[in-house]
Amino acid sequence: MGKGFFISKTLTIAGVIVGAGAVATIIALSVVYSQEKAKNQEVKPTNGGTSPPTTTQVTPWDPWDHYRLPDSLSPVSYNITLWPRLEASRSTGLYIFTGRSAVVFECKKPTDLILIHSNKLNLTLINGHHARLTGLDGATPPNIKDSWLQPVTQFLVIQLDGRLQAGNRYELYSDFTGELADDLGGFYRSEYFVGEIKKVVATTQMQPTHARKAFPCFDEPAMKAVFHMTLLHPHGTVALANALANGMNLNADVTQTSFQATPIMSTYLLAFVVSEFDFIRSPEGEKVLIRIWARKQAIEEGQGDYALEKTGPILEFFEKYYTTDYPLNKSDQIALPDFSAGAMENWGLITYRETALLFNNASSSNADKEWIATVISHELAHMWFGNLVTMRWWNDLWLNEGFATYVSYLGANSAEPTWNYTDLIVMKEVYKVMSVDALASSHPLSTKEQDIMQPAQISELFDSITYSKALTSYRISPQTYLNTFKYGNTVYQDLWNHLQTVRSPSIHNICSPFVIMNRWILQMGFPLVSIDTTNGHITQNHFLLDPESVVDRPSEFQYEWIVPIKWIKSGTEQTPFWLKSKTGMDTHPPLKMIGSDWVLANTKVSGFFRVNYDTANWERLLTQLSTNHEVIPVINRAQIVDDAFNLARAKTVSTKLALRTTLYLQKEREYMPWEMADRNLGYFFLMFDRSEVYGPMRAYLRKQVMPLFNHFQAITANWTKIPDNHLDQYTQVRAISLACSSGVPVCEALMTSWFQAWMKTPEKNPIHPNLRQTVYCGALAAGGVEEWNFAWKMYKEAPIASEAEKLMYGLTCTREPWLIQRYLTYCLDPEKIRKQDATFTMVYIAGNVVGQSLVWDFVRANWNYIYNDYGSGSFSFGRLIEGITRRFSSEFELKQLQQFIKENSDQGLGSASQAVEQALERTKANIKWVAENKADVFQWFTDNSKLI
């Protein structure tokens, strides 16, 4: 599933195991371990690795109090008919759907109990029970003795007066009614307007545990089956499902559309939609039917054209990459007005947010186009890796998401080869997720099955570690892996078995892939590699942003990794080698330097680790940056900045040394070093924008960015053109953003004049799409209620979702507290802010120094409503907590956070539990860091902000 951020990393050693920024040894990250560890059932765990802190476990007594299905029954096929009502009931005001389902299952072990998932469904009683059981092929079924719903574990429980027999097949039939709610999960409704007329879409989001809200089912990834779907829907609407329609009957009241049988697949990949949408399609006669579906206006305006243009080539790329044909005969992709994630890889019917599929040349930016290409590529990659072959249980979700994240860059790069998109993997994925994995509250990629049981725990897994710190090597022989396990389920060891078959001699001489990879997969975190160029010594240790934090998660590997070291000496590549232990002091004589020679390790950031050097080598690197920075590869210039700032936060190097890595930026014109400097200085602004440090800090940034601002003003003919190069377009945006936020007068005047010109002619926006988000934010920060009201009106009338998203962000930048408070109230009104956007908006407001305390107060005051109405298992809950608390750096804020946790201890924090734990750790670290560094930082910025 696409979430809005995907990640992949790299770990190459002499080109042996990886390829182009991918990992043969590591990685992709995600941050997800759940605090509540329910050992609800004996399930075979993933062996080895990091164990969670010891807690007291209570084992449920009855089978229906476990969260996992027993292994006694296995589904074969479903026959499902659903009828969504697209008009609210006059008596109740509710939107509902009715349905019937017949699931054929095989008995694997004799049992007198049927457990099948059902959540928020009103089941019609049949002869006094919630379902009807029949035998197939001559099998005689026992009678139903009792049946009931178990809401906590979301089961329909059926007790029998005799045993089902192993090897026999049976059919369980049920009738039911459910609410077609606007909760973005299961079978739900999305709404939009055509003029003044409200239109309703019935659509789905089953991942991870919401298929049970649509019909009773065995709702676990390994419970694969064939699905036969029939949808009843109003005349004038169209019905879609995973497979092609194979029949349509027009009745007096409704249209009945039936669909071809699906391949054998997991419940979380099911999708069906009823709408008035239109589509564009691939030419007749092509091997795979490709259709792009969206609101009729969007299709008429050509907003689906770019997606259609790129889907075919990306599919062809993956067919060659996997050496396996696309498994289906069609690929529908549909843009939904309301959708919780970025996109979802439903087999044959991929669902998207409108921002992830629709593009308009007149109003969409370069970043919008990149996002669309990446998300399409990510979801199409899943058609093989995730759908054809699926993880057995959610603890190995990273198998799906990490690989899809990595190859999404390859697919997008094949569709847009001039972008050199794979160069951005490190920027977009590796360094972003390192900040999470450097916490003592992080978690391994793969955990034990029994540690991930409850739906909220599963939802927590959809984080940056899962998407970014996953195995991403394209030397894993995906074709043999896919062919061996197609239409089946796997655990991560199956992947390593296939990696074994292609490992290179250099790895063979070190150890097996199992030995290498288990250290990266089964223990959290990553190493800090320290190199002393005075004697060639090299060591490793577990890197933590707060070195005083307590790591209470033991690891059988003692937080030691087998690390591939690629390095350069004064600009020249050297022979790579492996760092195999942290005990003692390893020596690699070539690392010993004399004279002005310098060492730079982890070239092209091919490994998932940070690097520290002796003081003399740091000084030589800084000298190289100040004299001729282009000798150092651009990715490594970004690396030097990011490593230094993170090492400073960990008290490994001085904060002044980290700040000195930004001095050379007056000469830098490339995107990646500026992006890393902006991210890291952004932390300083979060910590100090409410203190006396803010003035000289802002003045220093203004001084450093002026040459970059002037450069782009010159090459764009005073901002009348846009650079041709993909990354240069990003650098132009960064130059304007930093110049305006740091108070460059001409920049502020420029943004205000552009916005005022738009206010005079609302029908013609003169601001280039690439610059709109930055300009909207700056203009609304400088303006007042008139500008804000205008932007709100334009937001509500925006013809494409990507434009609405830019305005949604810009509206959070106002400096008027009362306007921020108004906007916050809008966040809990779905008529004003869609539920899918509510948490994003609140996080954006928290990024505004004026809004941060307001949104924190608002969330605490409305937590019960947010928790219950927006869903405790929502994917965005963790993001909300992380975004609101990232500025916390005082004892007062720490106490508030602790009180918030205490006040909500009874109901719990749902999928935000892990994020809250990390927020506590970060806040404590921030408090210490500010206390220890504030005086030095103030003096350094004061000394270095003076114009020469």
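Even glycines carry a Cβ here, placed using N, Cα and C.
Sequence annotations record features per position, and here TrEMBL assigns compositional bias 'Low complexity' to 45-56.
Residues annotated as domain 'Aminopeptidase N-like N-terminal' in TrEMBL: 75-269.
Annotation source TrEMBL lists domain 'Peptidase M1 membrane alanine aminopeptidase' at 306-512.
Positions annotated as Zn(2+) binding site by TrEMBL: His378, His382, Glu401. Counted within 10 Å of its Cβ, the other Cβ atoms near Glu401 (Zn(2+) binding site) come to 32, all protein chains included.
Per TrEMBL, the feature active site, proton acceptor maps to Glu379.
Summarising the annotation, TrEMBL assigns site 'Transition state stabilizer' to Tyr467.
Here TrEMBL flags 598-924 as domain 'ERAP1-like C-terminal'.
Annotation for His382 (Zn(2+) binding site): spatial neighbours Met1, Glu345, Asn400, Ala404, criterion Cβ-Cβ under 8 Å with sequence separation of six or more. The 10 Å shell around the Cβ of His378 (Zn(2+) binding site) contains 29 further Cβ atoms across the protein chains shown. With respect to their backbone Cα atoms, Glu379 (active site, proton acceptor) and Glu401 (Zn(2+) binding site) stand 10 Å from each other.
Cα separation, Glu401 (Zn(2+) binding site) to Tyr467 (site 'Transition state stabilizer'), rounded: 5 Å. In the predicted model, the domain 'ERAP1-like C-terminal' (598-924) has a mean pLDDT of 94. Distance noted between the C-alpha atoms of His378 (Zn(2+) binding site) and Tyr467 (site 'Transition state stabilizer') is 11 Å. The Cβ of Glu379 (active site, proton acceptor) has 30 neighbouring Cβ atoms from other residues within 10 Å, across all protein chains displayed.
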